[in-house]
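For reference, Swiss-Prot has these:
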- Lys112: active site, N6-AMP-lysine intermediate (ACT_SITE)
- Asp33, Phe34, Val35, Tyr36, Asp37, Ser82, Leu83, Glu110, Arg133, Glu167, Lys281, Lys305: NAD(+) binding site (BINDING)
- Cys396, Cys399, Cys412, Cys417: Zn(2+) binding site (BINDING)
- 583-660: domain 'BRCT' (DOMAIN)
Amino acid sequence: MSSKIQQEIADLKKLIRKWDKEYYVDSLPSVEDFVYDKHILRLQELESKCPEYKTLDSPTLKFGSDLLNDFKEVEHSVPVLSLDKVYNLDLLKSWIDKIDFSNSFNISVEPKIDGCSIVLYYKDGILEKALTRGNGKFGNDVTKNIRTIRHVPLFLGEKVDLVLRGEVYITKENFLKINKFLEKPYTNSRNLASGILRRVDSREVANFPLNIFIYDFLNAGLDFKTNNLAIEKLKKLGFKVNPLIRFFDQKSSIKEVLNYIADITKKRNSFEYEIDGVVLKVSDFALREKLGYTLHHPKWAMAYKFEALSGFSKVNSIVVQVGRSGKITPVANIDKVFVSGAFITNATLHNQDYITSINLNVGDIVKVSRRGDVIPAVEMVINKFSTGFFKVPDKCPSCKTVVVKEGAHFFCTNNNCPSVAVERIKYFCSKNCMDIEGFSDKTISFLFEKKFISSEIDLYTFNFYKLLKFKGFKDRKINNLINSIEASKKKPFSKLLLSIGIKELGENTIRLLFLNNLNSFSKLFRLCQDRDFAFLTLLKIKGIGEKIALNIIDAFNNSIMINKFKVFENLGFKMEERILIDDENKLLVGKKFCITGSFNGYSRPIVIDKLENKGAIFKTCVTKGLDFLVVGEKAGTKLKKALNLNVKIMSFEDIKSYLD
């Protein structure tokens, strides 16, 4: 009996996959919806009776899982890079002109979908996991939710290992329909798609019409020579690729490429989905490897971002905001205006110099844009209805302390300023720092305004059950807040050091400190008590300059900062982080390096990432201050320049031991 059920399940899965391909890839469905649904229900029934036969590639998983998703962070197996971008066609043409195609012109052009970036991992042809791009090194695990998108094959029909990039999006039509029923509407379809994808219950996600385009291989278990062949393979495997992708070869001209870009730009508003630009890629994979990568982006691809669409609005008021560093930033409150797919009600004015340069004041009519289709900005005054220009107050709007000008910006220097305090707490809880879930800016502001907390330390001593009498705070939410606070105590010392807010101390500098045996509070504290010795010691670390060295020394001689560390120590925080680095790897710490050529079995981003993890500092170009150049096969002009500058040359064999 069980063998018959197992066979029927296998037959149903095969048939449903066939219908999925006909409907979503070929656009030629052979059965009506009710027939499809009937077979899905039968498969669900059988899998419920015999759960041992339910596999990860089952089509029933596309309708949601009974399990709840916790969106844990998972490390990407390869760095997930961004794209370089330009905003005008002259710069785009210049980028194309610089590429040495060796009389074999090959470029692909496709719309840049304005959605949520996703990375799909297939193991032996089965979808193993799906991660958001995150910060490029770590992404959120949204596998259960991605499985609900019927355009994502759970099984490829081939036992291959693939890492693919795609964009999850929602159509303009569905965006408008869904937004009507939401208590808090989203400003654009990208945010809605991202919000849906991050819903905790995958059963809810299955009810939303998410779409996906797959557009790139990050690490393929298949051998391709060109992007053309790779895209065709994606189609055959059942993935949805953008039908507007076009390939230009040696028979084409740059003019034809630019004409196609102009055509896409002209028609962008007629597409069923939002786009914010066009992406150009070199099609030849061998040439891609020769062109290489920077730490941020591949050199073989370029995004042409559309000029920000603009609108006109009236400045109703100008408010002054205070950041965690005390920096004063003026912001214009304007009449609501719809620009590039989003409503804008405020826009940064940067600083006093910028306001003066455009002669802006309250009451003026201004041109507003979203730079890069993201950042709201006041570009210029269109109609001047005021007298003179707005002047940033000479006192902090929060604590009334006289502000001090440093460079182009004004700063509040009061360490007890309420605005500075609340912004520091927000920074402490933010994703890049302690990543304390549930503590949104709104929640933190509420706690601060009610005088429940005045610093980040209060988060660990406050009785959150006092919030039960306030609207929006129930047992479940409060328990989640408490659990998040407790979980943060287990974060590594590097996160605490970053979160505590030492001026200009970032992740890279912290890594350099740790790799030089300054990996605990006690070591840093002892060092900094002798200011002169500490200054000389820190300057010996390649990558640390005078300014950041002084900031570190000042911080570890500041009684307020020291007391914070002591309190965190008493709360059970880790005050030391082990760094496993042998004598051989110490040779790389602080060394500046660059790479050229290709490396057998390793992509350039992986080489860079592994050397950086050993303490080396990646540079994009060869200069006199470079410590060594890593040379692979088919090295480019960087090798010649390095030889002229007497920069040390290291082969792939020289560094291979560092990569394992």
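A Cβ is built for glycine as well, from the same backbone N, Cα and C atoms used for every other residue.
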Rounding to whole Å, the Cα atoms of Cys412 (Zn(2+) binding site) and Arg133 (NAD(+) binding site) are apart by 36
Here the 10 Å Cβ neighbour count for Cys412 (Zn(2+) binding site) comes out at 24
Same-chain shell around Zn(2+) excluding Cys396, Cys399, Cys412, Cys417, C-beta within 8 angstroms of the CB centroid, reads Val322, Gly326, Pro397, Ser398, Lys400, Thr401, Val403, Thr413, Asn414, Pro418, Ser419, Val420
Nearest to Arg133 (NAD(+) binding site) by C-alpha distance, among the recorded positions Lys112, Cys396, Cys399, Cys417, is Lys112
What DSSP gives for Cys417 (Zn(2+) binding site), in three states, is coil
Rounded Cα distance, in Å, between Leu83 (NAD(+) binding site) and the residue listed as 'active site, N6-AMP-lysine intermediate' is 11
Whole-number mean pLDDT, the domain 'BRCT' (583-660), equals 81
Secondary structure of the domain 'BRCT' (583-660) by DSSP, residue by residue, totals 30 helix, 19 strand, 29 coil
Around the Cβ of Lys281 (NAD(+) binding site), other Cβ atoms found within 10 Å total 22
The residue listed as 'active site, N6-AMP-lysine intermediate', Cβ-centred 10 Å count of other Cβ atoms over all protein chains shown, is 23
With neighbours defined as other CB atoms within 10 A, the best-packed of the binding-site residues Leu83, Cys396, Cys399, Cys417 is Cys396
